[in-house]
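What Swiss-Prot records for this protein:
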type     : residues : note
SITE     : THR43    : site 'Important for catalytic activity'
SITE     : HIS134   : site 'Important for catalytic activity'
TOPO_DOM : 1-12     : topological domain 'Cytoplasmic'
TOPO_DOM : 31-44    : topological domain 'Extracellular'
TOPO_DOM : 68-87    : topological domain 'Cytoplasmic'
TOPO_DOM : 111-124  : topological domain 'Extracellular'
TOPO_DOM : 145-156  : topological domain 'Cytoplasmic'
TOPO_DOM : 180-193  : topological domain 'Extracellular'
TOPO_DOM : 217-238  : topological domain 'Cytoplasmic'
TRANSMEM : 13-30    : transmembrane segment
TRANSMEM : 45-67    : transmembrane segment
TRANSMEM : 88-110   : transmembrane segment
TRANSMEM : 125-144  : transmembrane segment
TRANSMEM : 157-179  : transmembrane segment
TRANSMEM : 194-216  : transmembrane segment
Amino acid sequence: MALVPCQVLRVAILLSYCSILCNYKAIEMPSHQTYGGSWKFLTFIDLVIQAVFFGICVLTDLSSLLTRGSGNQEQERQLRKLISLRDWTLAVLAFPVGVFVVAVFWTIYAYDREMIYPRLLDNFIPGWLNHGMHTTVLPFILIEMRTSHHQYPSRSSGLAAICTFSVGYILWVCWIHHVTGMWVYPFLEHIGSGARIIFFGSTTILMNFLYLLGEVLNSYIWDTQRSIEEEKEKPKLE
């Protein structure tokens, strides 16, 4: 019985991300017309990651319903592949990148919003859309982690993957600066080269920490759930 609400919830989250992406892309901002377009912003990349992840979740749920009780080994094999892809995407991309975007954005915003989200953007981006991009990502991914168990990859391969993503994005940001002479984020203009190197190194370390945090949190949630279920199954002493 719990499967149906989870399916509906995932569909709702997927539709919300599609709505956010469509509304964001419909905004005519000068930055969208420059080199790299929306793809130079980690927020936009994260939105795409979250939409793809929940799309995989919905597809996995549909496949699970269709293959249940069929006894078709090929369909079950394809379902296992989908589940593995879903779990890998959450572990390596959806959780660490999503939490990173929320945590770093609001930390810098609280210190000085002009360094990350200038007031000028209020003329283009409504408040609800800003929260859709930088706030609701966190509760959505935590809800998913709580409602379904996810098998994390080996720690070495997971950390290697998130490091590859982090370094790849840093190189992309540096390349954009090389081509345009402008940094993607305003605060990078106000710090020296040494501070930028420290910042980029720190972001990579933080991404690795968030990967490990997701792994620990996933284990804690489901070890606790397993313990509760085992306690319920124990015969009650009269």
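Note: Cβ is positioned from N, Cα and C throughout, glycine not excepted.
For the topological domain 'Cytoplasmic' (145-156), same-chain residues at least 6 beyond its ends with a Cβ under 8 Å from one of its own Cβ atoms are 6, 9, 57, 83-84, 86-88, 90-92, 95, 212, 214-215, 217-218, 221-222. For the pair THR43 (site 'Important for catalytic activity') and HIS134 (site 'Important for catalytic activity'), the C-alpha distance works out to 7 angstrom. Same-chain residues lying 6 or more positions outside the topological domain 'Extracellular' (31-44) and placing a CB less than 8 Å from one of its CB atoms are 24-25, 97, 100-101, 105, 133-134, 169, 172-173, 176, 179-180, 184.
Proximity of distant same-chain residues to the topological domain 'Cytoplasmic' (68-87), defined by a Cβ-Cβ separation under 8 Å and at least 6 residues beyond the stretch ends, is recorded for 53, 56-57, 59-60, 150-153.
On the 0 to 100 pLDDT scale, the model's mean across the topological domain 'Extracellular' (111-124) is 88. For the topological domain 'Extracellular' (111-124), the number of residues in each DSSP class (helix H, G, I; strand E, B; coil) is 10 helix, 0 strand, 4 coil.
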